[in-house]
Every structure is written in structure tokens, then in C-alpha cells.
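> What follows is a single structure, and I will ask about it in a moment.
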Amino acid sequence: MALSRRLRLRLCARLPDFFLLLLFRGCVIEAVNLKSSNRNPVVHEFESVELSCIITDSQTNDPRIEWKKIQDGQTTYVYFDNKIQGDLAGRTDVFGKTSLRIWNVTRSDSAIYRCEVVALNDRKEVDELTIELIVQVKPVAPVCRVPKAVPVGKAATLQCQESEGYPRPYYSWYRNDVPLPTDSRANPRFQNSSFHVNSETGTLVFSAVHKEDSGQYYCIASNDAGAARCEGQDMEVYDLNIAGIIGGVLVVLIVLAVITMGICCAYRRGCFISSKQDGESYKSPGKHEGVNYIRTSEEGDFRHKSSFVI
């Protein structure tokens with residue numbers, strides 16, 4: 001008797017919890033709810049990816065499912081009226097009734113995708129969730145610019161650029177297949193060099209080159225999707241020939257002096273005068289035949305005298 005009385009008391013004490021549980025379950029079942037196994041999938045270009053959208057609770061046997069793509073402020077349909085739409089047609093299918101599988105993804109597939117479910121038999125008829133898809137792109141061979149020759153003690157800049165990779169790649173430089181540190185002072189092996197590598201911009205800057213900096217240089221662009229390198233290019237560091245430079249300057253000065261003296265001598269000899277008039281070379285106008293010129297008493301007054309020639 002005492003045992004059955006205690007059991008009845010326990011059951012009575014638990015009755016309110018039981019009814020609350022039924023009420024709670026009724027509320028959940030009457031509202032459609034969604035979940036995803038991965039809200040932020042990351043995939044490499046040309047691979048496949050699943051966009052998970054799972055109905056956890058619903059009383060509607062055949063809810064309406066729609067997928068939309070949100071990119072650059074524009075919203076387009078991906079799955080509507082039980083059909084794949086837009087540029088995903090032909091490489092996307094539906095699995096698990098509400099989830100999407102995209103084959104051969106491209107960089108243009110990077111976007112926010114929204115799964116929308118309408119369950120008309122549920123008290124809460126609509127639920128939605130968003131998934132952000134990131135497509136990583138492997139870098140292509142970067143463009144490298146390496147000076148062919150630099151004099152000792154001068155500054156030099158080597159450049160490396162790549163524009164296809166996503167996320168944005170980082171850069172590393174190699175000399176004769178040996179990786180260069182970001183700062184030459186950080187490695188005793190490069191104590192005779194003075195350079196700095198910017199892994200974000202891809203520049204390798206020498207403040208002053210030394211003979212030891214001669215060699216073959218190449219750059220590698222890397223990100224989470226892969227890496228690519230440019231072809232190696234040689235850079236020669238040479239000594240300045242001071243004696244040769246001084247000799248060349250002297251030769252130029254001597255040549256200029258000789259040319260100047262030649263011009264002066266030619267000018268003195270009259271080579272640059274086109275015509276010359278003096279007393280010896282001047283000729284008076286010839287007399288006209290049949291006309292005599294008679295000077296009168298007044299200076300410079302001339303008059304004509306006619307004559308006949310028989």
C-alpha cells in the first residue's frame with residue numbers, strides 16, 4: 001500500500017511537466033524550421049560543393065522550396081518551380097529534397113545563397129536560411145620584372161604581380177633556388193646583402209646591391225588554393241670602371257676642343273664669307289655705245305652728248 005501510494009504521488013508530481021512537454025512539442029511541430037550542416041562552405045575552383053538546407057520540423061508533406069543567389073546587390077533565382085535556373089542549370093541538382101549540389105564551381109559562383117521553404121500547413125508557414133559560398137582560385141604564373149644589370153652600390157627593385165588568384169596571394173622571392181627572407185638582416189646567411197621583401201605587394205627592394213646579389217631570381221605567388229611561379233631571370237651586379245669613365249670624358253673634351261679650333265681657323269681664313277667687295281674687284285658700269293659723257297663745271301653733274309657713227 002505504501003509503495004503504490006508513493007508511485008501515485010510521483011506520477012501526480014510529473015503530470016504538469018508532461019503536459020508542458022506536449023505543449024512545447026505541439027508548438028515546434030506547427031512551425032517549419034530549417035538548419036544547415038555548413039553555413040560557410042569553402043571550395044576550390046572546378047570542384048563540387050553542397051549547399052545544405054534541411055527541414056527539421058514541419059507538418060506540411062510537400063512544402064514549396066526556393067533557392068536564390070545574392071551577388072553584387074542583385075537577387076536571382078537558382079531553384080524555382082522545381083527547376084534549376086540561370087547559369088547553374090546543367091551543373092546543379094537537388095538532393096535530400098531541399099539541398100543543392102553544384103558541380104564544377106567557378107569563381108562567379110561565390111555569393112550568398114538563400115534557401116526559402118513555404119509550408120502552408122504549418123502555423124509558421126515560412127522559414128529561410130542563408131549560406132555564404134566562397135570559391136578559392138589558384139594563382140596563375142605571376143609577371144616578374146628583374147633588372148638585367150645593376151652597378152655596385154646602386155638601389156634596385158624587383159617586381160612580382162598576379163591578378164587571378166582568390167583570396168589575394170602572398171609572394172615570396174628566390175635567388176638561385178634559395179628562399180629569401182623578408183628582411184636580409186634577419187638571416188646571417190644574407191649579411192652581405194641589404195634588401196626587404198614585401199609579401200603583400202610582391203616587391204623585392206635592394207637599398208644598395210653587392211656583387212653577392214648577382215644570380216637568378218624568380219617569384220612564387222601562393223594562396224590556399226595553390227601556387228604558381230614565374231620564370232627565372234638573371235640579374236648581374238657589376239663594378240663601375242672609374243678609369244674608363246674618366247678616359248671617356250677626356251676623349252670627348254679633346255674632340256670638342258679640336259672641333260672648336262677648326263671652326264675658328266676656318267672663320268679667320270674667310271671660309272664663311274660668301275661675297276667680298278673692295279677697290280680692286282669693283283667695276284664701273286660700262287659706257288653705252290654711241291653716248292659720250294661730258295662733265296660740267298658743277299661737281300657730279302653729267303649730261304649726254306649725241307654723236308653719230310657713220
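Sequential numbering from 1, following the chain as shown.
Glycine is no exception: its Cβ is also placed from the backbone N, Cα and C atoms.
Checked Swiss-Prot, it gives:
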| type | residues | note |
| --- | --- | --- |
| SIGNAL | 1-31 | signal peptide |
| TOPO_DOM | 32-241 | topological domain 'Extracellular' |
| DOMAIN | 35-127 | domain 'Ig-like V-type' |
| DISULFID | Cys53-Cys115 | disulfide bond |
| CARBOHYD | Asn104 | N-linked glycosylation site |
| DISULFID | Cys160-Cys219 | disulfide bond |
| CARBOHYD | Asn192 | N-linked glycosylation site |
| TRANSMEM | 242-262 | transmembrane segment |
| TOPO_DOM | 263-310 | topological domain 'Cytoplasmic' |
| LIPID | Cys264 | S-palmitoyl cysteine |
| LIPID | Cys265 | S-palmitoyl cysteine |
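Could you place these features in context, so I can see how deep they sit and what lies close by?
If you take every residue in the domain 'Ig-like V-type' (35-127) and average the pLDDT, you get 95.
DSSP gives Cys115 (disulfide bond) a strand state. If you draw a 10 Å sphere around the CB of Cys115 (disulfide bond), it holds 25 other CB atoms from the protein chains shown.
Taking the Cβ of Asn104 (N-linked glycosylation site) as reference, residues of its chain lying under 8 Å away and at least six apart in sequence are, in sequence order, Phe46, Glu47, Ser48, Arg91. Under the three-state DSSP scheme, Asn104 (N-linked glycosylation site) falls in the coil class.
The number of other CB atoms found within 10 A of the CB of Cys160 (disulfide bond), across every protein chain shown, is 27.
Sequence-distant neighbours of Asn192 (N-linked glycosylation site) (same chain, 6+ residues apart, CB-CB distance under 8 A): His210, Glu212. According to its DSSP assignment, Asn192 (N-linked glycosylation site) is coil.
Secondary structure at Cys264 (S-palmitoyl cysteine), taken from DSSP and collapsed to helix, strand or coil, is helix. Cys264 (S-palmitoyl cysteine) counts 10 other C-beta atoms within 10 Å of its own C-beta, drawing on all protein chains shown.
Over all protein chains present, the Cβ of Cys265 (S-palmitoyl cysteine) has 10 other Cβ atoms lying within 10 Å.
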> With an 8 Å cut-off on Cβ-Cβ distance and a minimum sequence separation of at least 6, pull the same-chain contacts of Cys53 (disulfide bond), or say none.
Leu34, Ser36, Ile65, Trp67, Thr98, Ser99, Leu100, Cys115, Val117, Leu129, Ile131
> Can you give me the Cα-Cα distance between Cys160 (disulfide bond) and Cys265 (S-palmitoyl cysteine) in Å, rounded to a whole number?
59
> Tell me the Cβ neighbour count for Cys219 (disulfide bond), meaning other Cβ atoms within 10 Å of its Cβ, over all protein chains shown.
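That number is 30.
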